[in-house]
Amino acid sequence: MPGWLTLPTLCRFLLWAFTIFHKAQGDPASHPGPHYLLPPIHEVIHSHRGATATLPCVLGTTPPSYKVRWSKVEPGELRETLILITNGLHARGYGPLGGRARMRRGHRLDASLVIAGVRLEDEGRYRCELINGIEDESVALTLSLEGVVFPYQPSRGRYQFNYYEAKQACEEQDGRLATYSQLYQAWTEGLDWCNAGWLLEGSVRYPVLTARAPCGGRGRPGIRSYGPRDRMRDRYDAFCFTSALAGQVFFVPGRLTLSEAHAACRRRGAVVAKVGHLYAAWKFSGLDQCDGGWLADGSVRFPITTPRPRCGGLPDPGVRSFGFPRPQQAAYGTYCYAEN
């Protein structure tokens, strides 16, 4: 009858349509990957210190019996840290992060992980793994924190830290050792520093925007690398990373010694700010103060967001340093930090 497809014509049409769809989708057998877990729409989740972050993990369907295992892939180490295991009904947390982590459970196929009170050490790569006893599968996501990288050296001068001392020094200044990706991001934002420093992965590098002879030669700008280093014996500076503050930094004027600076902050219900506090206040709160002030490590610094004459002498915003004056020198104010 006119207007009706014949059987051979219908078969040819269906074969053509299947072929086009098959080519567009790819052959599942030739592209191994998740069968139960859906690939994440965004593989990088952005957050900041103190926030609540959600790492999405969603099942397309559920096998008859399964568990979901969340873990954190530790940078520079061939191991994963277990965070949480759930069977869809009950969940159990493990380790220091497990106490701040829970399942979102927005619906029956939701295996997303919620992390409360995000900390600096939470940044990194995470794995959501479905275990069904036959063919396990996983998806990976990265938690990225908004922050700022700052170079750090002690009062004794440059190249004093082995890897473990550099790690401790950053933590004492309200930070942690920066990762390579954090240093790279800082370089794209203008960080130019000619002293090599440890990174979290155990590498030693330094960022150069203006190539020059005393700073790795006159080659192209970039991140210079010293290659593999001995974590115990080799000594360099540190590149630290910090993020948004839970409190505020403020300046107390005066001509104070370091001990008088501590007393001045205590009278105001605060403590002398750490280096990481000052960098975070400069980066996230726009702190701009053309006065040197004591910090907790004994250094004297001041933050500039709007460069101007007779205020550091440099054309770019940043945190300027007067080094480490004698603690008894009564010549500076102080920067205090108070929790909200």
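Yeah, the Cβs are placed from backbone N, Cα and C, and that goes for glycine too.
In the three-state DSSP reading, C128 (disulfide bond) counts as strand. The disulfide bond annotation in Swiss-Prot covers C57-C128 (among others) and is backed by similarity to another entry.
Annotation source Swiss-Prot lists disulfide bond at C170-C240 (among others), citing similarity to another entry. Around C170 (disulfide bond), taking its Cβ as the centre, 27 other Cβ atoms fall within 10 Å, counting all chains. Annotation note: C170 (disulfide bond) sits in a helical segment as assigned by DSSP.
Counted within 10 Å of its Cβ, the other Cβ atoms near C215 (disulfide bond) come to 16, all protein chains included. Annotation source Swiss-Prot lists disulfide bond at C194-C215 (among others), citing similarity to another entry.
Taken from Swiss-Prot, the feature disulfide bond covers C265-C336 (among others). Around C265 (disulfide bond), a 10 Å sphere centred on its CB holds 22 further CB atoms from the protein chains shown. C265 (disulfide bond) falls within a helix when secondary structure is assigned with DSSP.
According to DSSP, C290 (disulfide bond) is assigned to coil rather than to any helix or strand. The annotation disulfide bond is assigned in Swiss-Prot to C290-C311 (among others) on the grounds of similarity to another entry.
Taken from Swiss-Prot, the feature domain 'Ig-like V-type' applies to 34-144.
Here Swiss-Prot flags 148-242 as domain 'Link 1'.
What Swiss-Prot records for 245-338 is domain 'Link 2', and it gives sequence analysis as the kind of evidence.
What Swiss-Prot records for 1-26 is signal peptide.
Shown for the domain 'Link 1' (148-242): DSSP residue counts in helix, strand and coil, namely 19 helix, 28 strand, 48 coil.
With helix defined as DSSP H, G or I and strand as E or B, the domain 'Ig-like V-type' (34-144) counts 7 helix, 50 strand, 54 coil. Counted within 10 Å of its Cβ, the other Cβ atoms near C290 (disulfide bond) come to 13, all protein chains included.
For C311 (disulfide bond), the count of additional Cβ atoms within 10 Å of its Cβ stands at 15 [all protein chains shown]. Counting every protein chain shown, the number of other Cβ atoms lying within 10 Å of the Cβ of C128 (disulfide bond) is 25.
Taken residue by residue with DSSP, C336 (disulfide bond) is part of a strand. Neighbours of C240 (disulfide bond), defined as other CB atoms within 10 A of its CB across all chains, total 31.
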